[in-house]
């Protein structure tokens, strides 16, 4: 921060303090506590903690349920972020092309952004209810055709659809903005150069959209690791039979239902390390292929 | 690269363009000869870019016919029309190298890599960019970028080259250099060229023929010499020349045309008439029409003045340097009769041009 602009040394800090206070209490302090607790044995109802070294980690890492849940989480990360980004990209391309009704679609598509993930979960749970939802008539014709309460594949389909629906608005707007910042004359030049719409998509639009694609991938991946909680909690509670028990939900159950605070904190620390590693990989490796030139 | 044999003429027949029921080009017929350099000139909003885009196939035609060579093209895709285009903002692909930019059309067309490389090199050499093939557009200056755009256009050896105000983003000196380069480039490759601009200097210097457009209608389509010396109407007369031609509302009677009682010339016509006289043809003389110098600008090579006659009529005039005249002075001017242009006062069409 240049002191030439701010004569007073403390003024910049003073101006930034509201943000810093919020960040400290809601981000740095919890992160610190998670790591602190992961090296201590915590009493569930408070009252002191006992340093236990790596024992919590040994316990968590030797639990097969942790590894299953971590693997499930990584699968969810890949599938959830790619499906939601691809859907948003298709919609953004359609809106950018100026297809009929696209001004209306552009407006309507932003609405889900205003709905909390938990509400989305409840709504989709109702929509996909095997007895009352949209697929209920099929269940009457073919009994057992659709039941997300007992069939894990159906449960996942339901969760992915809810996730795509909730992720589209933000991703769509970012991608549409990126597409619209590509000058119209580039399309014209490419059209005269002989490139049809598909060729232009791969040669012109997607390469020039990489800055926006990169940022939505980073955000969607981070969101899929932690933001899936509300959907799981409202739609499946980790079921059926633990099939949708993602790490973020397992942490909640272990900590607040089973009162294993240390185990939950240790898994939280592990999850944070995974998020940090994935994000670092994206910035260090993937970003090299982003084309920022304009 | 000799594209002389490729050059194809362009025939526009009753070409129309309508946006939301508003006619932009109500119906335009023109014949652009093979190998000719045509400049479409007009004020902004006159439809000149629309016309170019319709020839290119970037805008749908509302009616009429476009022939390139012997082919009717108004309903076929831009890429199949055998033309290339240079855009005002260069429209280079920012994520591709100069070589890839130039060669993109060849790549799309499936030209083998070896042939592609040599044709890219040839085109880049034509515009003196042979050493810049690995650069990105963002590493080039405005003039170099425009040359890349020109190389990209000529690499396909098109029958027709279209230019959409390609020099307006360049500074004055660069514009002058690029004008010379474009002119010699056209002589070398010989493709039929259509060049859209609002800059009359570009039009006068580059064109074999200038097509002057206003409100989507052709005002005059002629050589630069004739456009300047024989303007077809008051629009052309007032649009070409800097400062533009003086257009004076005058009255003709008893064999003479006069303005506010001052006799200008002998004439056979009678009634209201618009008289045109170019500023550089008005001479400051010892005796003649007395005028008051209202405003004077010294431009080094010449100076321009706005003068006011006793009856209130103002005139623009340009003099060679060396006239020791100051603003506010009274001087005498002579308007040579043989330099006058006469236009119909109601329609603006030329009556008799000397």
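Using N, Cα and C of the backbone, Cβ positions are placed for all residues, glycine too.
Residues or ranges marked as transmembrane segment by TrEMBL: A:20-39 (among others).
The feature domain 'ABC transmembrane type-1' is assigned by TrEMBL to A:70-282.
The transmembrane segment annotation in TrEMBL covers A:74-94 (among others). Residues of the same chain lying 6 or more positions beyond the ends of the transmembrane segment (A:74-94) and with a Cβ under 8 Å from any Cβ of it are 102, 105, 109, 160, 163-164, 167-168, 171-172, 175-176, 178-179, 201, 205, 213, 216-217, 220-221, 223-225, 228, 246, 274, 278.
Here TrEMBL flags A:115-136 (among others) as transmembrane segment.
Taken from TrEMBL, the feature transmembrane segment covers A:156-179 (among others).
Summarising the annotation, TrEMBL assigns transmembrane segment to A:208-232 (among others).
Under the heading transmembrane segment, TrEMBL lists A:264-286 (among others). Listed as Cβ neighbours of the transmembrane segment (A:264-286) (distance under 8 Å, sequence separation of 6 or more from its ends, same chain) are residues 31, 33-38, 42, 56-57, 59-60, 66, 70, 73-74, 77, 214, 217-218, 221-222, 225-226, 247-248, 250-252, 254-256.
If you look at the transmembrane segment (A:208-232), the same-chain residues 6 or more away from its ends with a CB under 8 A from one of its CBs are 73, 76-77, 80-81, 84-85, 88-89, 116-118, 120-121, 159, 162-163, 166-167, 170-171, 174-175, 177-179, 182, 186, 238, 244-249, 252, 271, 274-275, 278-279, 282-283, 286-287, 289-292. Same-chain residues lying 6 or more positions outside the transmembrane segment (A:156-179) and placing a CB less than 8 Å from one of its CB atoms are 79-81, 83-85, 87-89, 91-93, 95-96, 106, 109-113, 115, 117, 120-121, 124-125, 128, 148, 205, 208-209, 211-213, 215-216, 219-220, 223-224, 228, 231-232, 235-236, 243-244.
Residues of the same chain lying 6 or more positions beyond the ends of the transmembrane segment (A:20-39) and with a Cβ under 8 Å from any Cβ of it are 13, 49, 51-54, 56-57, 261-262, 265-266, 268-269, 272.
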